[in-house]
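Engineer: Per TrEMBL, the features are:
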DOMAIN    A:14-77  domain 'MrpA C-terminal/MbhD'
DOMAIN    A:190-299  domain 'Na+/H+ antiporter MnhB subunit-related protein'
TRANSMEM  A:6-25  transmembrane segment
TRANSMEM  A:32-49  transmembrane segment
TRANSMEM  A:55-73  transmembrane segment
TRANSMEM  A:93-112  transmembrane segment
TRANSMEM  A:188-211  transmembrane segment
TRANSMEM  A:217-236  transmembrane segment
TRANSMEM  A:245-268  transmembrane segment
TRANSMEM  A:283-304  transmembrane segment
Amino acid sequence: MSIASVFDVALVALILAIGASTILVRKAFAAVVMFVVYGLLLSIAWVRLHAVDVALTEAAIGGGMTGLLLLGAVARSRSVNVGGPWIGRPARLATCALCALVVAGLAIAMLHPPEVIPTLAPTVMESLPQSGLGNPVAGVLFVFRALDTLLEKVVLLLALLGVWSLAPDRAWGGMPGLHVYARSDPTLIFLAQLLPPVGIVFGIYMCWVGAKDPGGAFQGGTVLAAMWLLVIVAGLQKAPAIGRLWLRGLLVAGPVLFLAIGLAGWVFADAFLAYPAGYAKPLIVAVEAALTLSIAVALGMLAAGPPERAQQQ
Amino acid sequence: MNAATLFGLCGAALVGIGLYGLITNPEPLRKILAFNLLGGGVFLLFGVIARRAAVAGLGGDPVPQAMVITAIVVAFAATAMAIALVQRLGDETGRASISSDSSGTGDGEEKS
Amino acid sequence: MNSAETGNIGEASPARWSDVIGGAVIRAIGFFCFWLALTRGDPGDLGPGLIAAAAATWASLKLLPAEQWGFRPIKFAGFALHFFHQSIVAGVDVALRALHPRLPLQPGFVTYQAQLPPGTKRNTFCAIMSLMPGTLPCGTSGDGSLAIHCLDVTQPVVEQLSMEETLCMGALGSAKSDA
Amino acid sequence: MSLVMDILTICAVSAGALFFLAGTVGLLRFPDTLTRLHALTKVDNLGLGLIVLGLLPQTSSLLAVKLVIVWLLVQLSGAVVTQLIAGAVRQHGADG
């Protein structure tokens, strides 16, 4: 057994142990911490599967941002955490059997891959040079399956609309809570003063490099959102009221630009979301830049949660 | 057994673990957590499929990889929405779990 | 930019206007170098690097307005060397305690009256302290003194802290006048 | 020359790994949260520093800068996070 396979076996064992403890541990807070660790371990598994783009996304969104959301939820619901009754033993055994069946089915499917493995990779590599991009995943996201990517951003905005709609009527247009994190600690302020500029450079780098190497608008936007949240949580800046025009403008800027370029494709190229020959890369970079800002704001506001206080003035 | 198959089995097991948590734990927050765990397993299966479809010069088929990136983002959006719903439910009913004795939110409101 | 204008703004702001510009330029150069390291100096990547450095400098100035740090490069280099030496001593010390069969620990709190005023400089000092041997700042007490957790309270912790603070103040150029 | 560099790399990375091991032993053996934080900050930072130092001769100069930046960022996060945790423990006790 080579060192790499020893590492893989250890990694898988660790992922399964942490995943199981996420389910079994009693305290919700501990479960969320386990989940963040699970996300980070999973991103190492993605690197081992040679999918570095996915690894970055998993670490940033799956572990980091989802973990932040869940931690906030645990902190908010701590007072009403009653811990209802678990289901009885027969039902639990039946569930176990059901889960074992599902696992067995999936495992059989994994152990017996088809004779001829279907792949679109050669087709992607054939057409990629036309777009001027170097990263095949970015090529799929912005050229071959651009509609998916556009709709994904719309889903993000819809989720944000949904979260905002759950605010009580009196708080509509007001500021998100975030008070569960609020603690005026000099150490936190120190970090919030030093780290965000570095994070900004790194976020822009992630977005820019996505065209040729692993990275992209989403990973870069997540870094920017994290920096923004850090500044807000440290109390150096207030969370913006959701009624602010600039906020809403930034939120829709990315999808609107994407949509506009897509519609222009009907005029200048031959189809919706088609790029005119020779202009694909600059257009994609422009879309990615706008999307990075929109994603950063959307993620930040999603993590901040529904508005809780009415806007002052 | 090669590395891809190993991670494939890991993904399958994670789906099972997540499904178990989703069914057995009555707390909505823990259900959301279990659902995300299950999702991580499904994504890993996609990664294995992508890895097996690798061609020369690439580590894997970029199409499933791009789909997983989209899926992670959509899962995040759904999680954010679900957490907001659970919190509103908690604010309205004063309870943070869906136990078998309460049939709906109206029921909970009367008690609290 | 004429001199009258600079004079006016200089009076209003905490630091002199030329210092602010100088500080901003130094920070911008630093952020641009960070970009160069990330992109490995590829000429095609310079354009976005300028944007990134500008954005980072703007955020940096907004979050941490230029103070009079009176940064002294030679003393700072000396302090950095001292810091490396101390962190090795710290690591070895804690590692030996961890691996020692009898686990020789005398943990406890020590109160330390810092000379540095609350603010960025004191926070920098606390961050450095948390990487130094046996000391871990745990926040501020009611009277403004620092509560410091030590692995071994029998050691002369307060004397050592005071020495470190003097060195730190020298390196960061914190004269007594702005205390 | 490259042999000297390789020996330096091997020594530094092994020493770094050893310090990580000691830090983990400390994390498991030390009696309470605050003492465990000591094991994390001091020993693991030194371990990472030694590993970075060991890798420097094996890389190009710009990659070396990247490695040093990674180490500095970990130092910063280590210093800040331990202080935050320690402050929280002092205020609310280990359960909070």
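Quick reminder: no glycine exception, Cβ is built from N, Cα and C everywhere.
Keep in mind the model is a prediction, meaning the values are calculated, not measured.
Map the listed features onto the structure and describe their local environment.
Structural biologist: Restricting the average to the domain 'MrpA C-terminal/MbhD' (A:14-77) gives a pLDDT of 88.
Long-range contacts of the transmembrane segment (A:55-73) within its own chain (CB-CB distance under 8 A, at least 6 residues past either end) are made by residues 29, 32, 35-40, 42-44, 46-47, 180-181, 206, 214-216, 218-219, 222-223, 225-226, 229, 299, 302-303, 305.
If you look at the transmembrane segment (A:188-211), the same-chain residues 6 or more away from its ends with a CB under 8 A from one of its CBs are 56, 133-135, 138, 217, 219-224, 226-228, 230-231, 233-236, 281, 284-285, 288-289, 292, 296.
Residues 53, 56-57, 60-61, 64-65, 68, 178, 181-182, 184-185, 188-189, 191-193, 195-196, 199-200, 202-208, 210, 254, 287-289, 291-300, 303-304 of the same chain sit 6 or more residues outside the transmembrane segment (A:217-236) yet have a Cβ under 8 Å from a Cβ within it.
Here the transmembrane segment (A:283-304) has long-range neighbours at 65, 68-69, 72, 131, 133, 138, 142-143, 153, 156-157, 159-160, 163, 176-178, 203-204, 207-208, 210-211, 216-218, 220-222, 224-225, 228-229, 232, 239, 242, 247, 250-255, 257-258, 261, 275, meaning same-chain residues at least 6 beyond its ends whose C-beta is under 8 angstroms from one of its own.
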Engineer: Can you break down the domain 'Na+/H+ antiporter MnhB subunit-related protein' (A:190-299) into helix, strand and coil residue counts using DSSP?
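Structural biologist: Going by DSSP assignments, the domain 'Na+/H+ antiporter MnhB subunit-related protein' (A:190-299) contains 81 helix, 0 strand, 29 coil.
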